[in-house]
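*Asks:* I have a structure I would like to understand better, so I am pasting it below and will then ask my questions one at a time.
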Amino acid sequence: MMVGATLQLKMLLLPVWASMLFMGFLSVVGMEPTEGAKSDSEYPPNTEPPPSSSGSNCSEMTLKLEFKTKTVEHEYIIGFTGYFSAKARRLYISSALRNAGDRALEWHIVPRENPAADFPSDFELVHIRLASPSSLLTLEDHPYIKRVTPQRKVFRKLKYVPSPEPSAPCNATRGTQSWQSSRTFRRTSLSLSSGFWHATGRHSSRRLLRAIPRHVAQILQADVLWQMGHTGAGVKVAVFDTGLSEKHPHFKNVKERTNWTNEKTLDDGLGHGTFVAGVIASMRECQGFAPDSELHIFRVFTNNQVSYTSWFLDAFNYAILKKIDVLNLSIGGPDFMDHPFVDKVWELTANKVIMVSAIGNDGPLYGTLNNPADQMDVIGVGGIDFEDNIARFSSRGMTTWELPGGYGRVKPDIVTYGSGVRGSGMKEGCRSLSGTSVASPVVAGAVTLLASTVQNRDLVNPASMKQALMRRPAGCRESTCSSRATGS
């Protein structure tokens, strides 16, 4: 039952429910950074990424993202009204361009060699040299062609800068053992008494909580569900990021690794995708939320940190085909004016794919949201630290992608721990990172774990999951927690 699913989600997230302050509430109290807080921009801009942690310790770093996009000359994404074979798509394009009457027009279909190439598609990538506006209009006049849009190239530069706060040793265990042994709550039934909400086993000392290693899954009480036998089994979760090494020791259920880039490797050369996958599904050391989930790795960014709209569209289509349940996109994609990308996100939601995305690290200014986290049907995630303060780097609303035809909404939808969180190192071991791209897999992992507890999977969809995440717990007072309507 969905009621049971909601209760289990509250059980998972309640220790920070009072601190998961939605941005509409925080605009009144608690929004301003504490005195002495440092912006990401105050650090050296060209800090090199740290090596993957393989020893007993690792440094705590804050992830900063730089983003820019540009149109690719002469390349156009031709969207169709449905899914057609490659032969049919070529026929429709050829027919439309013949009607343009420009016999000197040079064009060819750009090959796309990826796992989606064997299936029907709703778009084609075409190189048209010196295309006139009339030629493009003629293409759009074809009854099976929906839109012609320039191809976009996306540049994402990941930078790791030293965190302003010292980190505990990444592989320390003393704090973890203390945390586990301090828990008095043991329950095999989902019937919850009111005492649970006030006796979660959370440390009352904020200083002690900050000192222990950041096992975020246990801090959010994922172990309560683990003890009930729920570990994410049967849920398909996709990580759209920088890849994952084939023999990484932290993962036992990687069902598929697919490459959507023009590089001939599936390995992660940056460490970001490995870290994100670890927060969701690592089975050892820095344990993730859902170690038994079916992990699908989508490599959509190169080691040079480049991606294209067409790569995302093919990968999204493949995710729909594979019936992915949860999709995490921490790095973000093309901007909100990239119509094929935005439309495809809507289609993912219509196919019951729950998309979780980082809201961005461009705070504390407003209007700094990243796409697709700012879209209405996506769970946009912001970050807090382990003392329940909104992270200074966390972006915040209003949204802009609907304008000027729509209206702005407050975002992010939810915030969770995104500062000093532990995750998998690039080859082995653990590392500690900060950023909303860290907070996003925390929510994605929690969603994956929750979905595995629901017997009737037809009840699990983007709308029901978003409602369960954002609904105020029973007995919660206005002074201790906040929720807001989002129109979802």
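Placement of Cβ uses the backbone N, Cα and C atoms for every residue, glycine included.
Here the structure is a predicted model, which means the values were calculated and not measured.
For 12-31, the entry in TrEMBL reads transmembrane segment. What TrEMBL lists as region 'Disordered' is 36-59. The feature domain 'Membrane-bound transcription factor site-1 protease-like N-terminal' is assigned by TrEMBL to 72-152. Residues or ranges marked as domain 'Peptidase S8/S53' in TrEMBL: 232-471. Annotated active site, charge relay system per TrEMBL: Asp241, His272, Ser437, in sequence order.
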*Asks:* Cα of Asp241 (active site, charge relay system) to Cα of Ser437 (active site, charge relay system): how many Å, rounded?
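*Replies:* That comes out at 10 Å between the alpha carbons.
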*Asks:* Summarise the domain 'Membrane-bound transcription factor site-1 protease-like N-terminal' (72-152) by DSSP state, stating how many residues are helix, strand and coil.
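*Replies:* Summed by class, the stretch gives 27 helix, 34 strand, 20 coil.
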*Asks:* Cα distance, Ser437 (active site, charge relay system) to His272 (active site, charge relay system), nearest Å?
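*Replies:* With distance taken Cα to Cα, Ser437 (active site, charge relay system) is 9 Å from His272 (active site, charge relay system).
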*Asks:* Would you count the other CB atoms within 10 A of the CB of Ser437 (active site, charge relay system), including those on all shown protein chains?
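*Replies:* I count 30 other Cβ atoms within 10 Å of it.
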*Asks:* Find the average pLDDT over the domain 'Peptidase S8/S53' (232-471) in the predicted model and report it.
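*Replies:* It averages 90.
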*Asks:* Could you work out which of the active-site residues (Asp241, His272) has its C-beta surrounded by the smallest number of other C-beta atoms within 10 A?
*Replies:* Asp241
